[in-house]
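Structure first, then comments.
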Amino acid sequence: MTDAKTVKPLYDTYNRAALRFERGDGIWLVTEDGERYLDFAAGIAVNSLGHSHPHLVETLKAQAEKLWHVSNIYQVPGQEKLAQRLIDNTFADKVFFTNSGAEALECAIKTARRYHYANGHPERFHIITFEGAFHGRTIATIAAGGQAKYLEGFGPKAPGFDQVPFGDEAALRAAITPETAAILLEPVQGEGGLRAFPDDFLRLVRRLCDENGLLLIFDEVQSGVGRTGRFFAHEWAGVTPDIMAIAKGIGGGFPLGACLATAEAAKGMVAGTHGSTYGGNPLAMAVGNAVLDVVLEEGFLDNVNAVALVFKQGLASIIDRYPNVVSEVRGRGLLIGLKCVVPNTSLVQALYDEHVLCVGAGDNVVRLLPPLITTPEEAREGLKRIEAAVERLAIANPTSKTA
Ligand SMILES: *Cc1c(COP(=O)(O)O)cnc(C)c1O
């Protein structure tokens, strides 16, 4: 029996670190006790412009005094503006706004199924995904992600998601059937351990979609909006999807996501087929537009690439010196993964001890997701602390063998 006095008020779904932050300033977070932490977690790739960015703060305050929310039964000028800017800078012709990544994926999945329905093929509703994927925590997106640990105990897995091993061409070809609607993937897997699909593989997937009448869906919830040094990660491979889900970085900390699509792919999404109470409200749109003011500024992505290079070189040197602790740098741009030899939870803790925030990922990886405004000097400060954390583990594990 549960004793009411010992029951904590929050769901126990998170193993939370004993850290209580009160405010943020650029790439720093400050606890209630005034301790400063270098924020290389960035709210899991959300705080793209760090904390308290003056342009975001001003924009939010100004909009808060005008209008927070109106229903989508009215026209929302901020949506038209943000959608047009996303369209002008991507493959897309159409945008639907959401409050989160999972909702953006739900819209992407519905868009793909509805496309085939509109073409007279309602039986084509299967979506092929890859092992290690993470697409969210709704009933459909845990089925899309296919990870047993997220599916267990939540009833039957939602039908229509067929998973193949990461980057396996033969398995992918074999999985395509007359019932397949789309292929869905993260160009760089985030939760899964910062695994990037090779550019060649993305081009192959695009070709297979074209040959088989399938839609290609990219989940750029984590990799998008400048995180990899391009506006979207798929630009590195020179391929475009038909549908793309984005979120995280686009809101800079305000809950905001979007589903982007070509006009053709979105043709089934006619009036009444989808909706959202909050998605794209004026407050969210003001902040999203303010994030793009900064990210689309000339030279912004050059800085991301320059800082990413500082990290890449610094981390490579740490790996050279401490191969018993860390073995590989993964990812792209400022979507960085450190493959660990020691348990990744030990490195996360050692980094906390050095006042560096980071995030664990699958495949025994530690994620570093510095805000995109990080300067080369701040990156070097971070590297010093990362080295100190790794050195401490090297001393504690002198006999650990590289895997
Ligand atoms: C975070 C994430 C999601 C889910 O986003 P939520 O806002 O938590 O619903 C989906 N896909 C990827 C790749 C993500 O990183």
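Numbers run from 1 along the shown chain.
A Cβ is built for glycine as well, from the same backbone N, Cα and C atoms used for every other residue.
TrEMBL has this to say about the protein:
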{"type": "BINDING", "residues": "GLY101, ALA102, PHE134, ASP219, GLU220, VAL221, GLN222, THR277", "note": "pyridoxal 5'-phosphate binding site"}
{"type": "BINDING", "residues": "ARG137, SER276", "note": "N(2)-acetyl-L-ornithine binding site"}
{"type": "MOD_RES", "residues": "LYS248", "note": "N6-(pyridoxal phosphate)lysine"}
Next on the checklist: Can you tell me which of the recorded positions ARG137, LYS248, SER276 is spatially closest to VAL221 (pyridoxal 5'-phosphate binding site)? Compare CA atoms only.
Outcome noted: LYS248
Checklist entry - Given the binding-site residues GLN222, SER276, which one is most crowded in terms of C-beta atoms within 10 angstroms? => result GLN222
Item to check | Those recorded positions, out of ARG137, LYS248, SER276, that come within 10 angstroms of GLU220 (pyridoxal 5'-phosphate binding site) at the Cα | outcome: LYS248
Next on the checklist: I'm trying to understand the geometry here, so how far is the Cα atom of LYS248 (N6-(pyridoxal phosphate)lysine) from the Cα atom of GLY101 (pyridoxal 5'-phosphate binding site), in Å to the nearest whole number?
Outcome noted: 7
Checklist entry - What same-chain residues, at least 6 away in sequence, bring their CB to under 8 Å of the CB of ALA102 (pyridoxal 5'-phosphate binding site)? => result HIS135, GLY136, ARG137, THR138, THR141
Checklist entry - Looking only at GLY101, ALA102, PHE134, ASP219, GLU220, VAL221, GLN222, THR277, the residues listed as binding pyridoxal 5'-phosphate, what is the longest Cα to Cα distance in Å? => result 25
Next on the checklist: Measuring Cβ to any atom of ligand 1 with a strict under-6 Å cutoff, which of the binding-site residues ALA102, PHE134, SER276, THR277 qualify?
Outcome noted: ALA102, PHE134
